Structure formats: C-alpha cells, structure tokens
Amino acid sequence: LQGIFVLGLPYALLHSGYSGLLLIVLAAALCCYTGKILIACLYEENENGQLIRVRETYEDIANACCKKLSPSLGGIVVNVTQVVELIMTCILYLVVSGNLLSHSFPYVPMTEKTWSVIAFVTLLPCIFIRTLKIVSKLSQLCSLVHFVIIFVVITYCLTQMHQWSWAKFRLSLEFEDFLVSVGVIIFSYTSQIFLPTLEGNMKNPGEFRCMLNWTHFFACILKTTFALTAFLTWGEKTKEVITDNLPSFLETLVNLCLLTKALLSYPLPFFAATEIVYSCISKDNHSNYSSPLLALTVRGSFLLLTLLMAMFTPHFALLMGLSGSVTGAAMTFLLPSLFHLKLKWKKLSFLEKCADISVFILGFLCSLAGIVCSIKGLLEVFE
C-alpha cells in the first residue's frame, strides 16, 4: 500500500487543494471495498450455507464469469493485463533506481542508463526466488525503509511548522491538473493484483477483511499526515517528488533510502508476473514446468526484458501513465465490480448493486480521463 506514488501526494495536493484530502480518504475506502468484493468472488456457498473457496486466482474468477462465452477468454484477458502492469512496475523501479543513483553521485561520469544496469546487476538473485516467503521478508524490509523516509521528511517538516499556512491551499482547480492528482492518489493504494495470493497464503483467511480494513485505515492516516505536512511546508514550491524539496544533505540520504526501497520493491511484481507465466506453462506442459532450467530461463528472460525496456523505451513516464490508466483502473475498479455483479447478482442487495455499478462507472471515467491525458502528452512530445 505504501509505494513510490506516496512521494507524489504533496504535489497532488498542490493541484487538488482541499478536495485532495477528501480524495485520499475516498480512494482508501474504494480500494478497500474492491479488494473485499474481489476476494468474495473466490468463494461460493455449499449446501449447508458455508462459504467454500472454489477459486484460487484472479484468472479463475475471470474464467468463471466468461465460461458461457469462452472457457479461457476471461483468464487470458486478466493474465495479459496483470503481466503488462507488473512488468511496467518492474521497469519503473529500474528507471527510478538509475535516476536516484545518478542524482546521489553526480560527480561520477555515468549516465542514468548505466546506473540502471548497475541496479539491474543487484537484482540478478531474483531469478532464484521460488517462494512467497522470501518475497514477504523483502517486502517487510521495504516497508521499514519506507517508514524511515516518511519519518525523515515529516520530522524536517515539523521543524518548519512556524511557516505553515492554510492559505497555501488552492480553491480554484484546473481540470487536467486535478486529473493528475486523482491518478496519483488512487494508484498509491492499488494492490488488488496481489490480494488473491495473499489471502490464500494467510494462516487464517477469515481475518482478511479485518486486515484489509486496518491496513487501508492506517495507510490513509499516514498518507494524509505526510501529504499535509509536506505541502504546508513548501506550498507552491512543492515539487513532483517531495524529496527534491529537501536540503541537499537530507536529499542524498533520502535518495539512497529510496534506492533501497525501489530495489526491495522489485521482487514482488517480478515474482507475481513469473508465477502467472508458470501457471500458464504448467497447464500446457507439466513436465517442462517442473524443469529448474526452464524456471531460470523464464525468470532470466523477465529480468532482461525489464532492463531492455527501461533503457530503450522513449518517454517511459508517459507510456507508464497510459498503461496504468488502462491496466491499473481495470484491475482495481472495473473488473472487481464487474465480476462481483456477475457472480453474486442474485445474492446482492439493491445498495450493494448500486455500489458496484457506481465503482465501475467511476473507474471507467478515471481510466478514460487518464488515457486522454496520457495520449495528449505523448502527442505533444512527438510534435
């Protein structure tokens, strides 16, 4: 829940004003809700009225919804969407790592692409990751580093409390700037891709809903506090990545922490993407799936692909925005609400149906707006 996007929240407040604070809370509630209904689609009631987990993955849910049209069509769409989003996330971490290394050591005569290659070398051990336990330990370290970054930024902001002013908040909003804020805030919460696997690996899956409530609640509190204190400190001078506003001695320290966070964040989307590919391979050829050589080949290919795209994809930030607007909105809002309506329609109350339909419409509008803005940006760059 606490990704790189969090560092852009103060900038989002710059363009959204008071409405940005409401958006942070609303996004937490919506993402928590879609996470719950997505997991509800994994279960069906048996003859005794007990809930039984009859599906294991996002793919299984999609196939169940599209079985009348095509037994595997839904799964193919979901898998392609997931893999694209996960690969783009991995590429983003490599690009960010190269950028952070370049800014941390400006006196070293190397380009950002060269620094990205160095970061890539440190990620080579990822090809040996075979279980979610290893990924979870790395994610714990990632969370620890993230809290260090948040602590440093908030502590510095508190030392500047004497210059805070609520007058810095904007009352008038530019529509396109507001859309940028919506994208940053919403996608700082997205985690739906990982939820079926996470819930399936919990010792007590019955505690999943409670866990989701508390994690989104604390994430909302932390993000609101972080965004508010940072924006009140720098106001109109707030930069896209808030660490760029810090004094030079703190900026280098935080950049190195961010680099550590980016490298520790990489294994989770990487592992999830390779697991999806493995599941597809295992359905076609069980003997090949069990081959250690094939496993290393697939993981190595994914690593190399992310490096090549990080180095040679032009205007990556805009392409990432376009991909995120399509895949992120689809996986977070459109598909969970659509699948929930399809599988649970007869058991849903009127209010629940209205909630799902509202989430679907909101997700569609956010996706459409993000696509338009990204394409407009790409056209301006190429012109």
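Sequential numbering from 1, following the chain as shown.
Every residue gets a Cβ built from N, Cα and C, even glycine.
Because TrEMBL annotations are produced automatically, they should be read as predictions rather than curated entries.
Record features (TrEMBL):
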DOMAIN    2-375  domain 'Amino acid transporter transmembrane'
TRANSMEM  20-43  transmembrane segment
TRANSMEM  76-95  transmembrane segment
TRANSMEM  115-132  transmembrane segment
TRANSMEM  144-166  transmembrane segment
TRANSMEM  178-198  transmembrane segment
TRANSMEM  210-233  transmembrane segment
TRANSMEM  253-281  transmembrane segment
TRANSMEM  293-312  transmembrane segment
TRANSMEM  318-339  transmembrane segment
TRANSMEM  359-379  transmembrane segment
Thinking of Cβ pairs under 8 Å, which stretch from 76-95, 144-166, 178-198, 210-233, 359-379 has the most of them with the transmembrane segment (20-43)?
178-198
Stretch in 76-95, 178-198, 210-233, 253-281 most in contact with the transmembrane segment (359-379), if contact is a CB pair under 8 A:
178-198
Rank 76-95, 115-132, 178-198, 210-233, 293-312 by Cβ pairs under 8 Å to the transmembrane segment (253-281) and hand me the top one.
76-95
Candidates 115-132, 144-166, 210-233; stretch with most C-beta pairs under 8 Å toward the transmembrane segment (293-312):
115-132
Long-range Cβ neighbours of the transmembrane segment (144-166) (under 8 Å; 6 or more residues past either end):
2, 6-7, 222, 225-226, 229-230, 232-233, 235, 242-243, 246-247, 250, 253-254, 257-258, 260-261, 264
